[in-house]
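**Q** My structure is below; once you've seen it, I'll send some questions.
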Amino acid sequence: MAPNIRKSHPLLKMINNSLIDLPTPSNISAWWNFGSLLAVCFMTQIITGLLLAMHYTADTSLAFSSVAHTCRNVQYGWLIRNLHANGASFFFICIYLHIGRGLYYGSYLYKETWNTGVILLLTLMATAFVGYVLPWGQMSFWGATVITNLFSAIPYIGQTLVEWAWGGFSVDNPTLTRFFALHFLLPFVIAGITIIHLTFLHESGSNNPLGISSNSDKIPFHPYYSIKDILGLTLMLTPLLTLALFSPNLLGDPENFTPANPLVTPPHIKPEWYFLFAYAILRSIPNKLGGVLALAASVLILLLIPFLHKSKQRTMTFRPFSQLLFWLLVANLLILTWVGSQPVEHPFIIIGQLASLSYFTTLLILFPMIGTLENKMLNH
C-alpha cells in the first residue's frame, strides 16, 4: 500500500499529529474551545498588526497623526485598526475564560503546561501594555508614565531601572521607539512559547470535565473537534466584527483621542478594561512598593495553584462547595474590574480593598480548606 503523505512527510506528520489524528477525549465541552480561539485571535492580531506597522511612524511628533492617517487615508485602515484594537479585548476574554476553565477543571495539575501558560499570560500583558502606548494619545502617555514609574518602587535600583526603561528622564521619544520595537518583537516570543505550551500539552493529552483518564475513550481531533472549533470561531468572530464595525470605540478611553501632552494630566488615569482587576489591587494598597508587590502577586499567584490543590478529585464537577467558591472568585474579579474603572474616593477605596483581600484569601486559604473539607465528606 502506498504510504500516506500525511503520516510520512516530516512537516505534514507534525501537523497531522497535532491537528488531525490527535487522540482527544470524547467528552470535552465547549470550555476546551478557547485554545484554538486564542490561536485565531493571535493570527488575526499578527496580520492586522503587520498591516498597521506598515503605516505607523514611531516618533512622538508623528505617531498620533500616523494612526489618524491610517484610519482616514489607507484602504480599510479604519477596519484594520478597529479589528486590532478590539481583537486585543477578545484575546483577553478568551485567555481569561481559558484560565478559568483550567482552574475549574484542575488542568493546572499538568504543571509544565500550566506554568508555560502563565508565562504566556505575562508576555501577552506586556505586549498589550506597550501596544497601548503606540497611538500616543493622552491615556497612552499617562498610562505608560504611571505603570513604568512603578518600577521605581524597587529598592536601590528602582530609579535607575525606570530611567533606563524610559531612555531618559521622562516618557519621551526613546520610550515610544523602544515600545514599538517591543510590541513588534513580543508576539514572536508568544508564538515560540505557545509551541512549548502545546508540546507539553501533547505529552499528557487533554484533560476532560470528569478529571479522570480518558485513554480508554479517545476520538480523532478531525473531524469531530475541528468542526466544533469552527463553530466556536464563528461565535467569537461574530461579536468581534459587530464590535469593530458598529461600536469600535466602546471599550476605549475617550481621552486617547487627544494627542499626548506631558503638561496636562487626565482626571482619571486608567488602563484598558482587561487590566482593571490588577489595577484595582495595585491601588488598594496605600504603599507604593506594597502595591507593586500585590500587583505582581495578583497574576503570579497562578503559579501557586497546583500546590494548593488538596482535593482527591481533580475537577470541581462533583464538588459543589468548591464550585460556589469558584463563582464567588469570578464575581470578586468582576467587582475588582469595576472598582478599577472608578475614581479613587469613598466608597470605591474600601470596596477595592475588601475585594483585593477576598481575592487572595479565596485562592490561598479558602480553596485548600474547602478541598480538604470535601475530602472528609467523601468518607461519610
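Note that Cβ sites are derived from N, Cα and C of the backbone, with glycine treated the same way.
In case it's useful when we look at the structure, here is the feature table from Swiss-Prot:
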TRANSMEM  34-54  transmembrane segment
TRANSMEM  78-99  transmembrane segment
BINDING   His84, His183  heme b b562 binding site
BINDING   His98, His197  heme b b566 binding site
TRANSMEM  114-134  transmembrane segment
TRANSMEM  179-199  transmembrane segment
BINDING   His202  ubiquinone binding site
TRANSMEM  227-247  transmembrane segment
TRANSMEM  289-309  transmembrane segment
TRANSMEM  321-341  transmembrane segment
TRANSMEM  348-368  transmembrane segment
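Thinking about packing and proximity, how do these listed features fit into the structure?
**A** Long-range contacts of the transmembrane segment (78-99) within the same chain, counting only residues at least 6 positions beyond its ends with a Cβ under 8 Å from a Cβ of the stretch, are 31, 34-35, 37-38, 41-42, 44-45, 48-49, 51-52, 67, 70-72, 117, 120-121, 124, 128, 131, 236, 239-240, 243-245, 248, 251-252, 272-274, 302.
Under DSSP, His84 (heme b b562 binding site) is assigned to a helix (H, G or I) in the three-state scheme. Within its own chain, His84 (heme b b562 binding site) has Gln45, Thr48, Gly49, Leu52 as residues 6 or more apart in sequence whose C-beta sits under 8 angstroms from its own.
Secondary structure at His197 (heme b b566 binding site), taken from DSSP and collapsed to helix, strand or coil, is helix. Counted within 10 Å of its Cβ, the other Cβ atoms near His197 (heme b b566 binding site) come to 21, all protein chains included.
Sequence-distant contacts of the transmembrane segment (114-134) (same chain, at least 6 residues past either end, Cβ-Cβ under 8 Å): 56, 58, 63, 67, 88, 91-92, 95, 98-99, 102, 107-108, 140-141, 143-144, 147, 175-176, 179-180, 182-183, 186-187, 189-190, 193-194, 196-197, 200, 271-272, 274-275, 299-300, 302-303, 305-306.
Under 8 Å from some Cβ of the transmembrane segment (179-199) lie the Cβ atoms of residues 18, 39, 42, 45-46, 49, 53, 56, 58, 113, 116-117, 119-120, 123-124, 126-127, 130-131, 133-134, 144, all in the same chain and six or more residues away from its ends.
Under DSSP, His202 (ubiquinone binding site) is assigned to a helix (H, G or I) in the three-state scheme. Sequence-distant neighbours of His202 (ubiquinone binding site) (same chain, 6+ residues apart, CB-CB distance under 8 A): Asn17, Ser18, Leu22.
Beyond the transmembrane segment (227-247), the same-chain residues lying 6 or more positions past its ends with a Cβ under 8 Å from any Cβ of the stretch are 30, 33-34, 36-37, 40-41, 79, 82-83, 86-87, 89-90, 94.
For the transmembrane segment (289-309), same-chain residues at least 6 beyond its ends with a Cβ under 8 Å from one of its own Cβ atoms are 99, 103, 106, 108-109, 111, 114-115, 118, 121-122, 125, 150-151, 153-155, 277-279, 281-283, 356, 359-360, 363-364, 367-368, 371.
Long-range neighbours of the transmembrane segment (321-341) within the same chain, counting only residues 6 or more positions beyond its ends whose Cβ lies under 8 Å from a Cβ of the stretch, are 100, 103-104, 270-271, 273, 275-281, 283, 311, 348, 351-352, 355-356, 358-359, 362-363, 366-367, 370-371, 373-374.
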**Q** State the residues, same chain only, that lie 6 or more residues beyond the ends of the transmembrane segment (348-368) and have a CB under 8 A from a CB inside it; answer 'none' if no residue qualifies.
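**A** That would be 280-281, 283-285, 294, 297-298, 301, 304-305, 308-310, 322, 325, 328-329, 332-333, 335-336, 339-340, 342.
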**Q** Residues sitting near the transmembrane segment (34-54): Cβ under 8 Å, six or more positions beyond its termini, same chain?
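**A** 70, 80-81, 83-84, 87-88, 90-91, 94-95, 97-98, 101, 183-184, 187, 190-191, 194, 229, 232-233, 236-237.
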**Q** If one looks at the chain holding His183 (heme b b562 binding site), which residues at least 6 apart in sequence have a CB under 8 angstroms from its CB?
**A** Gly49, Thr127, Val130, Gly131, Leu134
